[in-house]
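*Asks:* This is the structure I want to talk about, given as structure tokens.
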Amino acid sequence: MANTWWELQILCEPDLEDSIFWRLEDFGCRGTASENKGNSSLVRAYLSTIQTQLLDLAALSLWLRQDALCVGVSSPSLQWQLIDEEDWATSWKQYWHPQEIGDRFLINPAWLPLPETTERLVIRLDPGVAFGTGNHATTQLCLESLEMRLSEVPQSFVGNSGKHKHLVIADIGCGSGILSIGALLLGAEKVYAVDNDPLAVQSTISNGLLNDISSERLLPALGSVDVLTKLLEKPVDGIVCNILAHVIIELIPEMSAIAKPETWAIFSGILLEQSKAVADALEQNGWVVATLWKRKEWCCLNVRRS
């Protein structure tokens with residue numbers, strides 16, 4: 001019998017959408033998309049029936065109601081149905097459209113034609129089962145932070161090719177590879193991208209090829225910071241990390257080991273209420289928070305070595 005999937009449809013207030021994306025990603029959903037429905041948002045997500053039972057969906061419904069209560073909005077409506085594998089592979093894609101992020105990026109689904117004219121940096125993306133489509137506030141904040149950070153590099157550090165000379169970045173928890181590709185399109189010379197999920201590593205490789213990025217510039221690997229310590233010849237110039245706050249806190253000492261005095265970092269996946277705990281852990285390990293950007297209940301920390 002072919003594998004089947006749960007298709008979830010969540011009708012919610014727009015203010016709850018980012019929180020729902022985070023909850024779904026943490027729950028293990030494979031592929032998410034959203035669209036406007038009048039004054040509401042309709043979020044679609046997909047879960048394998050091999051990993052998820054009806055009781056799990058009931059628990060998810062309860063957590064979503066609790067999240068709405070914390071935010072102070074009305075409870076979302078959650079419905080689900082079974083669909084075949086073939087339907088899952090294509091159904092969510094019809095709801096995902098090109099999206100401008102920041103001043104320079106355009107996220108373009110790989111199955112749609114490229115725009116005929118645009119001055120933006122186009123990231124072609126097929127996330128598959130990996131996290132990172134550009135829909136989530138944390139991904140947007142990270143791309144905008146990269147845009148700001150790499151635009152600040154002095155022109156003397158930029159070669160004739162447009163690449164920032166010797167600028168090496170680590171992408172920890174790379175997901176679809178969207179942040180790695182964004183950094184490379186902005187001119188970084190090389191990105192080491194790691195993720196504990198082999199499907200995410202494969203997604204990063206595939207999306208790198210979609211964007212004509214050579215394997216010498218984008219180096220994905222299975223694992224975490226411990227793998228980077230073996231791959232890197234020297235400390236990195238920058239770090240991007242868009243994962244859950246408690247994981248960031250656990251990894252900060254290891255990340256400090258791959259940094260040098262001039263290294264900067266961008267951290268997101270952090271709820272506003274978690275920002276102090278992350279900032280405290282950073283300061284205890286020789287980092288200082290330069291700026292905190294927020295979008296709804298999420299934030300992004302731009303930091304540097306102290």
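Keep in mind that glycine also has a Cβ here, set from the backbone N, Cα and C atoms.
Found this in Swiss-Prot, in case it helps:
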- Thr139, Gly173, Asp195, Asn242: S-adenosyl-L-methionine binding site (BINDING)
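For each feature listed, report its degree of burial, its nearest neighbours and the pertinent distances within the displayed model.
*Replies:* For Asn242 (S-adenosyl-L-methionine binding site), the count of additional Cβ atoms within 10 Å of its Cβ stands at 26 [all protein chains shown].
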*Asks:* So, three-state DSSP: helix, strand or coil for Asp195 (S-adenosyl-L-methionine binding site)?
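*Replies:* It is in a strand.
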*Asks:* For the binding-site residues Thr139, Gly173, Asp195, work out the Cβ neighbour count at 10 Å and name the residue with the minimum.
*Replies:* Gly173
